Amino acid sequence: MAQDRKRQRPNILITGTPGTGKTTTSSALADAAQLRHVAIGDLVKEKNLHDGWDDELQCYIINEDLVCDELEDFMEEGGIIVDHHGCDFFPERWFDRVVVLQTENSILYDRLTKRGYEGAKLSNNIECEIFQILLEEAKESYQENIVVALRSDTVDDVARNVETLADWVKNWHPVS
């Protein structure tokens, strides 16, 4: 069972290809629902939870065990939004809802090139979105009834997603 009896507030994983609006959505939802937002990329940098730098993909090589150790106590308390582009290494029991943000390919391409993505980093991320890799990863890693895919192309989409998720948080009850 995904819900931990000790938790009084739900935990949410917001995942998706880079550029789909994870951090924007997570920050707005944290404010709207009074939850704590943890961006894994920032955590990895701040706490050195990595095994070095990947020159080809221009990113840190995340040490998944160190990340999970760092988060364990927070996750047991509940009320956490985890924002990360991957989802398959977190313990299933941590999350009550897994949100996969999806963005139309041309919009995503524009967002990523504005961020300076190029070469393998750009093409890998666009292919990941085209083939819905993260949605499949989420469905394979968590109970399908807690996985939801949400469109994230526009500011209106983000606002609607935040409202929908804030309502879900408000109506969430721990398993007794």
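Residue positions begin at 1 at the first shown residue.
Just so you know, glycine gets a Cβ as well, placed from its N, Cα and C.
Some features that TrEMBL has for this protein:
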type: REGION; residues: 1-25; note: region 'Disordered'
type: COMPBIAS; residues: 15-25; note: compositional bias 'Low complexity'
type: REGION; residues: 39-62; note: region 'NMPbind'
type: REGION; residues: 114-124; note: region 'LID'
- Query: Going by DSSP, how much of the region 'LID' (114-124) is helix, how much is strand and how much is coil, in residues?
  - Reply: 7 helix, 0 strand, 4 coil
- Which whole-number mean pLDDT does the model give the region 'NMPbind' (39-62)? 94
- Task: With DSSP as the yardstick, break the region 'Disordered' (1-25) down into helix, strand and coil residue counts.
- Result: 4 helix, 4 strand, 17 coil
